[in-house]
Amino acid sequence: MCIVILLCLNVMKTITRNFDWKNEETLFRSGLRITKNNAKLYNNLGHVMEAEGKNDDALKLFLKAVEIQPDDLGSHLNVGRMYNILGMTEKAEKAFWMAKNLLPKVRPGKPYQTHIVPRHLDLFLNLGNLLSRNHSRLEEAQELYKEAISMKTDYIDAYMQRASLLLKLNRSEEAHDMYKEALKYDHMNPDIFYNMGVLLLEQGKSLQALARFDQALQVDPEHEKSLLNYAILTQDAGDSSLRRLAHERLQVLLNKGRQPERTYFNMGMLAMQDRDTTSAENYFRKALQVRGDFDAALFNLALVLYETRRPLEAVPYLQRLNNRHLKGLVLLGNIYFNDLKNYTAAQQCYELILKQDPNHIPALHNLCAAHFQLGQLEAAESCLQRAKNLAPQEAYIEHHLNIVKQHRQKLTANPLQKSVPENVFCNDPNSKCNEPLTTNESDNSKLSFFMEKDRPHEDSKKDVKL
């Protein structure tokens, strides 16, 4: 009988033990039933709760770990990270500082010889990212990264983050030095080459930036941001072989299904530079199939249609910009004015532009022209006088102002005369009012390209779990 009872007890214990091993949560909870003062178990269970999206429960467990073991740096870091996730930034910062205070102190002027667990150094990234949200604390944040580098000279993430903050502080040369130092320890990191390229691009050194993006792609042929920036820069290059290479590299992104709308768009821009308007139109349409509110693609597709003598087809795409795109309004106003002779609609476009940019000279001039064509001679003269005051160097404005004054004088002398002869502003083929308004500089005097360049971007490391 005793043997039967023992067997039953063993079976029950086995079943219970199997349940405890069912998953990580039951395993760690089982451990806590036996050992209630184990900070590591609370941290491990906290990570499980976090992975399940139970952030409040995770925070309670991390706080319990700190209560049990106040000198555990990892527990404080987990508390800070969780406060940060929950939007409680002041408490997060306090927890990160408590974690930092547990690190061995750096002695000024002497090398840091104490061994630091690498993941503990990541608290500098977490705290630095938090502080850098406040522009007034950028200097404080970059000093944190500087301290981290002094503790671990090959700490690549700290170099990258410090360089990013130095750029925000307008200390670009120091930022460039940070990237060069990082390369000494990791010359196979495409992000370093990419960020150096972005820095050079902001300094106006396009060719050097192009070389850095190329180096990033030599290391990682599929580096997404470098592929896009390389393609963007080669759009201005006079070398067709570079544009072909850029097209091939964009095809890599397309094959991976990464950012297809931007990939198609930049393929369209390359085609525009090659004067292949058919391919450009096709690529812009594909970009819009992926993302219908892609302003740059809407504008450039409309521009291609306009330049291939299909202005009426361009109008719907310009209207989809919903007045949020100045260059689109300029082109739409031109179509209303020059092609549809709808001067009232053109006037409305130019007025919308001037609401956003009161000193937009081309829009102001064409608004004056619309007033003139509508017979509003007094308004046209006043408008042109303002344009002349803003841009006294533009001879065509003064020329048109004189035309308006002459017509007003003739009307005064002969009130029965027709007030506005047809196309009086545009009867001279050399007059600037016959040209589409320039929206950006380009090698092609007719086409104006809207280039959507990537902003400098560095991958910030996410808060680290311990």
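Sequential numbering from 1, following the chain as shown.
Every residue gets a Cβ built from N, Cα and C, even glycine.
If you check TrEMBL, you get these features:
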| type | residues | note |
| --- | --- | --- |
| COMPBIAS | 431-447 | compositional bias 'Polar residues' |
| COMPBIAS | 451-466 | compositional bias 'Basic and acidic residues' |
| REGION | 431-466 | region 'Disordered' |
| REPEAT | 39-72 | repeat 'TPR' |
| REPEAT | 156-189 | repeat 'TPR' |
| REPEAT | 190-223 | repeat 'TPR' |
| REPEAT | 261-294 | repeat 'TPR' |
| SIGNAL | 1-16 | signal peptide |
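With DSSP states grouped into helix (H, G, I), strand (E, B) and coil, the repeat 'TPR' (156-189) comes out at 27 helix, 0 strand, 7 coil. Per-residue confidence over the repeat 'TPR' (156-189) averages out at a pLDDT of 95.
The DSSP breakdown of the repeat 'TPR' (190-223), given as helix, strand and coil counts, is 27 helix, 0 strand, 7 coil. In the repeat 'TPR' (39-72), the DSSP tally of helix, strand and coil residues is 27 helix, 0 strand, 7 coil.
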